């Protein structure tokens, strides 16, 4: 099973190169090759996920390695759907830059299983749903952030009057901002429900909530950041450039929650 993972990463990098060539030169042949490579990557990721599930006799969603892998897999899944349904080639490229970074990062995380004692503690459907919904919300927020990056790119091209095929292939600023906003709106309930299930699981296992834990605090900060973004966009700043920066700011809080707070948590010790 170990050989599947490096092959997947290699093919992922080749797909990313194809999308990059298309981005620079408007090469449709490179785009098609990149798409089929990405589809093959998704297939290998799915095979690896299923093989690991049978090997460990559980859903592989517990360890940091498994969390990063599922995150990368869901990004690839969404990007394939966007490539098929929405036809936003540059969004697929930006998404997979992030997805490749996540999957490459998982190579530096131990891929072993948790101890039996930890496994007994985590054997709960509530916890599985908590993890799944949180990671799916991360994927949705990542889509929103990628669209925000494309908005800033298109904004700069227009500002500098750099007309060309690259600008033509980008969606209009209002459409991109709207897409980014609704991706965030669609992801927020997943995150909220995931947090609620985490709280319920904590109460069922420990009879209390770890309010002072870094992960808990930053999870609430993420909810507050996106809630503030929604409020400001609807009530104060409106649509457009400033709204995009609010979206990116909320995503930055999400990244801090995922990357930094995990180093200082007492509650999510298996992460």
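Keep in mind that glycine also has a Cβ here, set from the backbone N, Cα and C atoms.
Remember, TrEMBL labels are computer predictions, not curated facts.
TrEMBL annotations:
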- 66-261: domain 'Cytochrome c assembly protein' (DOMAIN)
- 6-24: transmembrane segment (TRANSMEM)
- 33-51: transmembrane segment (TRANSMEM)
- 63-82: transmembrane segment (TRANSMEM)
- 89-109: transmembrane segment (TRANSMEM)
- 129-158: transmembrane segment (TRANSMEM)
- 179-204: transmembrane segment (TRANSMEM)
- 216-232: transmembrane segment (TRANSMEM)
- 244-261: transmembrane segment (TRANSMEM)
Handout entry: Positions whose Cβ lies under 8 angstroms from the transmembrane segment (63-82), at least six residues beyond its ends
Key = 12, 35, 38-39, 41-42, 45-46, 48-49, 52, 88, 91-92, 95-96, 98-100, 102-103, 105-106, 109-114, 131, 135-136, 138-140, 142-143, 262, 270-271
Fill in the blank from the handout: The predicted model's mean pLDDT over the domain 'Cytochrome c assembly protein' (66-261) is 83
Exercise for the section: Report, as numbers and ranges, which residues of the same chain sit near the transmembrane segment (129-158): CB under 8 Å and 6 or more residues beyond its ends. Expected result: 61-62, 67, 70-71, 74-75, 78, 82, 88, 90-91, 94-95, 98, 164, 166-167, 170-173, 176-177, 179-181, 183-184, 186-188, 190-191, 193-195, 197-198, 201, 226, 241, 244, 247-248, 250-251, 254, 258
Problem - Segment proximity, the transmembrane segment (6-24) to the transmembrane segment (89-109), 3 or more C-beta pairs under 8 Å - result: yes
Handout entry: Among the ranges 6-24, 33-51, 244-261, the one whose Cβ pairs under 8 Å to the transmembrane segment (179-204) are most numerous
Key = 244-261
